[in-house]
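Quick notes on the structure that follows.
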Amino acid sequence: MSGVRPPIMNGPMHPRPLVALLDGRDCTVEMPILKDVATVAFCDAQSTQEIHEKVLNEAVGALMYHTITLTREDLEKFKALRIIVRIGSGFDNIDIKSAGDLGIAVCNVPAASVEETADSTLCHILNLYRRTTWLHQALREGTRVQSVEQIREVASGAARIRGETLGIIGLGRVGQAVALRAKAFGFNVLFYDPYLSDGIERALGLQRVSTLQDLLFHSDCVTLHCGLNEHNHHLINDFTVKQMRQGAFLVNTARGGLVDEKALAQALKEGRIRGAALDVHESEPFSFSQGPLKDAPNLICTPHAAWYSEQASIEMREEAAREIRRAITGRIPDSLKNCVNKDHLTAATHWASMDPAVVHPELNGAAYSRYPPGVVSVAPTGIPAAVEGIVPSAMSLSHGLPPVAHPPHAPSPGQTVKPEADRDHTTDQL
């Protein structure tokens, strides 16, 4: 079934539209951008079961990080939703095809944390080669290192970087940034990316290989920088690990599902992979006490934080809010800057031809209560509240708001839709 949803009504004659931050509670960055066109709610939820009914019924826009997942079943709970903006680049936690079917645009912020993710990737690579983490840990544990023999023992496995071959899987924004940094350290850099047109390897001075097998066979260190989809889940598995060079390193700052952690743990224990560094994991939040990696040696793990800096966080939140603003003040999807399901949305929906009064009877004389301007708290443990600005405590709204009627979804027009691309080069990490 295709969803038929109208444009977002905005202006003095219409109710102030509701926008919700689904899995967070800090709206201080978003408010200056949205306060004159929307009421901003924060839900602080980890699933749609924790999202207040008012948001499910009335929110036209949603902001979200990577800590909540929206399946088709989840998306169908939102009765008025027109746009979701992922505060970050990756959107594998959203069913974008189902969103398109339901008339919901999905956008991301692909560029804000490119530098941070690339820097973190190089940090992991350098850590594996120079064993900084393990040397620090040895001193913390009281190991006394004085003689040359003791240094050799505690630093065993440290290697020279110059002349080593770094293999990059996925040469999107982050992949390119990693390549440029790696060359400065003396790496020979090759990459595998079947979606890029010819010529970029010449522009960047890189070596391109035509198959994943070639990259794995020729790389001393493999680093992942591609989005996650149904085609590349467990791209690194027991079979592909065996195609890697004996004693190679593995780094993943992209998506946890790209690596089969059971296969990786076994390869680390057997020494087929000399060391690995992961910022993303199959199950998050990650814990060393659970899962197949708990006993794996020569492993560095960080908590999906490679993307973060204060500057990057502010930039991506500002851009996400601006995308929501474009949706409210403009036309979906034409006014959007980073809509990742635009083709599917355009083919599957015909909201532009609908009379808004038909789809939203409250705009045609039905009773409707307007939110006061500011931030609305609809956190799981709280009641709806609104304030003029942002303060720790919120003033309660009445629970007696009249219900808003929403029609059933219109039947599918039966058009042939263009399939989504298997991969978007803007989805490198976050």
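Each residue, glycine too, has its Cβ placed from N, Cα and C.
The active site feature in Swiss-Prot is assigned to Arg255 (among others).
Annotated active site per Swiss-Prot: Glu284 (among others), in sequence order, evidence recorded as similarity to another entry. When secondary structure is read from DSSP and collapsed to three states, Glu284 (active site) falls in the coil class. For Glu284 (active site), the number of other Cβ atoms no farther than 10 Å from its own Cβ, over all displayed protein chains, is 12.
The active site, proton donor feature in Swiss-Prot is assigned to His304; the stated evidence is similarity to another entry. Neighbour count (other Cβ atoms within 10 Å of the Cβ, all protein chains): 22 for His304 (active site, proton donor).
Per Swiss-Prot, NAD(+) binding site is recorded for Ser89, 169-174, Asp193, 226-232, 253-255, Asp279. In the three-state DSSP scheme, Arg255 (active site) falls into the coil class. The 10 Å shell around the Cβ of Arg255 (active site) contains 28 further Cβ atoms across the protein chains shown.
Per Swiss-Prot, the feature compositional bias 'Basic and acidic residues' maps to 419-430.
Annotated SUMO cross-link per Swiss-Prot: Lys418, in sequence order, evidence recorded as similarity to another entry.
Less than 8 angstroms from the CB of Ser289 (phosphoserine) sits no same-chain residue that is six or more residues away. Sequence annotations record features per position, and here Swiss-Prot assigns phosphoserine to Ser289 (among others) based on similarity to another entry.
The phosphoserine annotation in Swiss-Prot covers Ser412 (among others).
Under the heading region 'Interaction with GLIS2 1', Swiss-Prot lists 1-59.
Helix, strand and coil counts from DSSP across the region 'Interaction with GLIS2 2' (277-349) read 27 helix, 6 strand, 40 coil. The region 'Interaction with GLIS2 2' annotation in Swiss-Prot covers 277-349.
The annotation region 'Disordered' is assigned in Swiss-Prot to 398-430.
Around the Cβ of Ser89 (NAD(+) binding site), the number of neighbouring Cβ atoms within 10 Å comes to 29.
The least crowded of the binding-site residues Leu171, Val174, judged by other CB atoms within 10 A of its own CB, is Leu171. Note on the binding-site residues Glu230, Asp279: the fewest other CB atoms within 10 A surround the CB of Glu230. Recorded residues Gly227 (NAD(+) binding site) and Glu284 (active site) have their alpha carbons 17 Å apart, per Cα-Cα distance. Per-site Cβ counts within 10 Å over the binding-site residues Gly227, Thr253 peak at Thr253.
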